[in-house]
Amino acid sequence: MLVTAYLAIIFLLTLCVGLELTARRLTPPQSTPTAVANPVFRRFQSIFLRAYLLALWADWLQGPYLYKLYRHYSFLESQIAILYVCGLASCVLFAPFSGWLPQVLGRRQTCLLFCVSYSACCLTKLSTDYFVLIVGRILGGLSTSLLTTTFEAWYVHRHVEVHDFPKDWIPSTFTKAATWNHGLAVGAGLVANLLAEWLHLGPVAPFLLAVPCLVCCGWLVLTDWGKEEAEEGLEGGKQKLPLGTPNAGATRLSARARFSRSCHDGLRCLLSDRRVMLLGGVQALFESVLYIFVFLWTPVLDPHGPPLGIVFSCLMAASMAGSLLYRLATSTRYCLQPGHVLCLAVLMAFFSLFMLTFSTTPGQPRPRESFLAFLLLELACGLYFPAVSFLQSRVIPEEKRASVLAWFRLPLHLLACFGLLALHGEMSGTGGGEEGSGTRHMFGGCAVMMLAALMAVVSLFTLGRNDIDLRLEGTRGDGEMF
């Protein structure tokens, strides 16, 4: 497995470079966008990305060795499953509040809260006490919820309300962030492997490295973002009031009312549009399987001695290759619709999980086949996320998108929690059967969930067979989606 992992990372990085060059060659030359030529926008974008990418880097550093760290502390697999469940449950608990906190504390202050809570989460990894580690997982759930919402909320507010830049410029920033994000994920695996295995600092080392990264992120938020706000006035303009003023209670009440109304409007949109409900079902099923996969990949491969950081980089490189393949598939040369790509991604994920039910047979493990199946699953993820993001932008109204996506995440995390609890029962011996059969059974269950997701995708595009909103511009000719 050691040689396999190193050969795989070399092949995948070469593949990504080749796909990137091909995508650039197929993309027609365009004039320089106005956003790129605007020095004020470039400065504002740079201020945001420096802090945001540091936050993402700190998050990725914690991916390769989390399970390995808990095993290093001699916890049973069933106990580790409960730790993961605590993290997912805290995501369910804090997800609604992650959209409400910025309205009460302020967007920049909530980003600082993220840096503090995630640093505390990393420091809990120094303890071998189970309760302390549970607290760390809860803090990690809070931090993850804030990372996925608060930084974007600060940027969009400043972009639109303060600088009055065109909304059409917003995707350029997040496209750049997504491009960097893939590279950061691959690099995080390599750096984590360097610290934990090559330098023999142990699996806690990547978590300790994440702390100074988060401190630097907090410093940039405190200084650069503070100067940015000072130049344009207080964040939120006249709507922000100190908590000690007579109108502070009314401000908090207004924030709670907006939060309640937003949740209600999101739920009504979800229930009134069958396309939105089907898309939510696809997201809940597909992404809950990914959360279970995050738990399972390490115990499947680690007994066979691969460098976990390199394996993690391979998985992230496969995901990067998938996103590049999406760009090629939807280009003007190949003209595939996002619906086609989404169906292909779910089908690939189902096939990879089907493979895993055979490669993880108790007593007859085949780690190379499992590794290949994991890479195929990550390749499917790279295709899935841009496709589902496009479809969400078409079927969910922009003003309700945040609240609808919050409702999507509720069943997503609950399904993942139930899956890990079922796995905990298998590992604890309550599920009976041969030792190690719990992992195989879980992959079988995930394959069934992915098959249900595939049926939801087919239903979605059968329902919207002639819906031009589900097609890319410039390729809305006659013909059916399937």
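Including glycine, each Cβ sits where the backbone N, Cα and C put it.
All annotation found in TrEMBL is predicted automatically rather than curated by experts.
Small disclaimer: the values here were computed from a predicted structure and weren't measured.
Residues or ranges marked as signal peptide in TrEMBL: 1-18.
Per TrEMBL, the feature transmembrane segment maps to 42-61 (among others).
For 81-100 (among others), the entry in TrEMBL reads transmembrane segment.
Per TrEMBL, transmembrane segment is recorded for 204-222 (among others).
The feature transmembrane segment is assigned by TrEMBL to 276-297 (among others). Counting same-chain residues at least six beyond the ends of the transmembrane segment (276-297), those with a Cβ under 8 angstroms from any Cβ of the stretch are 63, 67, 80-81, 84, 88, 269-270, 311, 315, 342, 346, 349, 353, 374, 377, 381, 384, 388, 391-392, 395-396, 404, 407-408, 411-416, 419-420, 423, 439, 442-443, 446, 449-450, 452-453, 456-457, 459-460, 463.
The transmembrane segment annotation in TrEMBL covers 309-329 (among others).
Look at TrEMBL and you will find 341-359 (among others) tagged as transmembrane segment.
Per TrEMBL, the feature transmembrane segment maps to 371-391 (among others).
Look at TrEMBL and you will find 403-422 (among others) tagged as transmembrane segment.
Counting same-chain residues at least six beyond the ends of the transmembrane segment (442-463), those with a Cβ under 8 angstroms from any Cβ of the stretch are 274-275, 278-279, 281-282, 285-286, 288-289, 292-293, 296, 339, 342-343, 346-347, 349-350, 353-354, 356-357, 360, 415, 419, 422-423, 426, 470, 481-482. What TrEMBL records for 442-463 (among others) is transmembrane segment.
Contact between the transmembrane segment (309-329) and the transmembrane segment (403-422) is not supported, since fewer than 3 Cβ pairs fall under 8 Å when only residues 6 or more apart in sequence are counted. Residues 282, 286, 289, 300, 322, 326, 329-330, 365-367, 369-370, 372-374, 376-377, 379-381, 383-384, 386-388, 391, 440, 443-444, 446-447, 450-451, 453-454, 457-458, 461, 482 of the same chain, all 6+ positions outside the transmembrane segment (341-359), place their C-beta atoms under 8 angstroms from a C-beta of that stretch.
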